[in-house]
Amino acid sequence: MLYKGDTLYLDWLEDGIAELVFDAPSSVNKLDTATVASLGEAIGVLEQQSDLKGLLLRSNKAAFIVGADITEFLSLFLVPEEQLSQWLHFANSVFNRLEDLPVPTIAAVNGYALGGGCECVLATDYRLATPDLRIGLPETKLGIMPGFGGSVRMPRMLGADSALEIIAAGKDVGADQALKIGLVDGVVKAEKLIEGAMAILRQAINGDLDWKAKRQPKLEPLKLSKIEATMSFTIAKGMVAQTAGKHYPAPITAVKTIEAAARFGREEALNLENKSFVPLAHTNEARALIGIFLNDQYVKGKAKKLTKDVETPKQAAVLGAGIMGGGIAYQSAWKGVPVVMKDINDKSLTLGMTEAAKLLNKQLERGKIDGLKLAGVISTIHPTLDYAGFDRVDVVVEAVVENPKVKKAVLAETEQKVRPDTVLASNTSTIPISELANALERPENFCGMHFFNPVHRMPLVEIIRGEKSSDETIAKVVAWASKMGKTPIVVNDCPGFFVNRVLFPYFAGFSQLLRDGADFRKIDKVMEKQFGWPMGPAYLLDVVGIDTAHHAQAVMAAGFPQRMQKDYRDAIDALFDANRFGQKNGLGFWHYKEDSKGKPKKEEDAAVDDLLAEVSQPKRDFSEEEIIARMMIPMVNEVVRCLEEGIIATPAEADMALVYGLGFPPFHGGAFRWLDTLGSAKYLDMAQQYQHLGPLYEVPEGLRNKARHNEPYYPPVEPARPVGDLKTA
């Protein structure tokens, strides 16, 4: 053994060839600060070996290196910029020394090589991969950019265009694509990986492969003519501006850094990467996006822990076809759980099957599946007008009309047709689960399962625990949601549950602004362009359906009369009474026409202003700050109440439900992350300016306490040890 660290070791393989093996004590290899230091020590040992002829890098895990240790980021990024820069210089000196070894090097890459894992293998001369490879640089999705030389080596290896596509978008690619663009030199079966890598290494040692020529471009300026550079970087900057926008500084910073570094050799280019990385690491956007990553891990880990002792349902059923039922059936079948889809109406069944077929055909058009796979999936969806096959199902989700009487009748009838251990769930969006459970003989086998539309796109599923729902019932439904590729979050029961309960105060803020003379077009523009929502409230209401919102608004008002009962006729009432239901009938806040692709395109409609004039004061202008405050305060207050009342368990779950269920702007990180960034005292000052608008603007006592003691909702993160104290040699 040449060297043994906590997460890697170095040993001789055969005559003059050494292997450096990543083998962390945990289930995966991560490139944390300790591993970077160990790598430096191992390379120091290699540099002393006069008889060294070649080096093989490999992993003892199912994945090579999954990336840096993201849990370290929040504390590491709190150290002063100068110290962070110093540590990055050290880390890059380690990879430079790996790259500068006087012998050929190869990485045998299996599974994931992401972020720092990808940057590590970019420093070797050759890369051989297995078919399960996923390799790339996802840093911009975390609000940062590659910091271990990825923005320097990748463009010089692949050319600017391919590298920019991966780095700016935070992409990873599979084995075939990696081979095609030159990110790896070959792909072999897993059992042949080491044998194949050794064969390449021997060829390089023997002089059959010119490893020095392979290494040289990574040390030099990027080989691009002035015209090529102008085209590549102009197109990349345009694409980034269009897709990322102003709220995500990392992608455009990465592109500009690669452009600026193009004319320099490795050392100066790495200095430019360092200078760009450090300020990004200190942005609120990076903290928010890293927070989302960590929250996502927490939520998925919680679901995994919850379901460890239950069997995932093998056969499911959906009650109620149509668009929603068809979407649920598709998602279940697509992920391998056959489903019976029942409706009392043949036309609805046809609509549900058409929806599932349409979604599968889209996968076919994109080349994700072939005709055989399509036929196989669709054959596992069984439409029926009766209860045939229900005696075999493990779980049933009801997705009929949002009417408590209808839902109770359907659920009670279904309970008589299934096994005693079959779990029933309702896809209601607002009706309390405990109320629906009153119709059942086995309420312990019942819970809520709230999908979001469109089902195939929206990651969140709210799992609602009723008063009598058993732990096993919740676990089984969480297991099914996870199997469907969704992110399940368990919430406690109340009208609207979590997501709709906090959404309708937001809509109430919108209605009050309109009542007071604001223009809905400006509100939408501000909430989209300035705050960052994917849709403004008017557009969102049109997509949800004015009729749906009108009904849900009444349910929420009955559930929370003190705050949500309004004493005036609002814009939603006015549009509903005029039969303007949104996109579904082409008339809402906008007039909708289909474009050439059959998608609804919104157009101005003067009739709306006349309708709104009946329920509004004369038009007046509101500042962007006032619009944002009046829209967000009711929502954030309600989010805080949900945490205080135990409707949602943690700030992390609340923020993920908002991001995944409503599209809360990820660069804000969710309501609690936004609150922490703003500061609870500053938020309280802002909210008090609007408390005259009514109970929705009254700040909950728990939040007032936070403001008094200057306490955040997320545990405060301590800065990493001074970088000088980290192992840097």
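Cβ atoms are placed via backbone N, Cα and C, with glycine included.
Same-site candidate for NAD(+) binding, as annotated by Swiss-Prot with Met324, Asp343, Val400, Val401, Glu402, Lys407, Asn453, chosen from Ser379, Ser429, Ser434, Ser470: Ser429. Of the listed segments 202-223, 708-729, Swiss-Prot assigns region 'Disordered' to 708-729. Note: Asp343 (NAD(+) binding site) has non-local neighbours Leu319, Gly320, Ala321, Gly322, Gly325, Leu349, Gly352, Pro383, Leu385, i.e. same-chain residues 6+ apart with C-beta under 8 A of its own C-beta.
Counting neighbouring Cβ atoms within 10 Å of each of the binding-site residues (Ser429, Asn453, Asn500), the lowest count belongs to Asn453. Ranked by Cα separation from Met324 (NAD(+) binding site), the recorded positions Glu119, Glu139, Asp296, His450, Asn500 are led by His450. Across Met324, Asp343, Val400, Val401, Glu402, Lys407, Ser429, Asn453, which the record gives as binding NAD(+), the greatest C-alpha separation is 19 Å. The two recorded residues, Ser429 (NAD(+) binding site) and His450 (active site, for 3-hydroxyacyl-CoA dehydrogenase activity), have Cα atoms 6 Å apart.
For His450 (active site, for 3-hydroxyacyl-CoA dehydrogenase activity) paired with Tyr660 (substrate binding site), the C-alpha to C-alpha distance reads 13 Å. Separation of the C-alpha atoms of Lys407 (NAD(+) binding site) and Tyr660 (substrate binding site): 26 Å, rounded to the nearest whole number.
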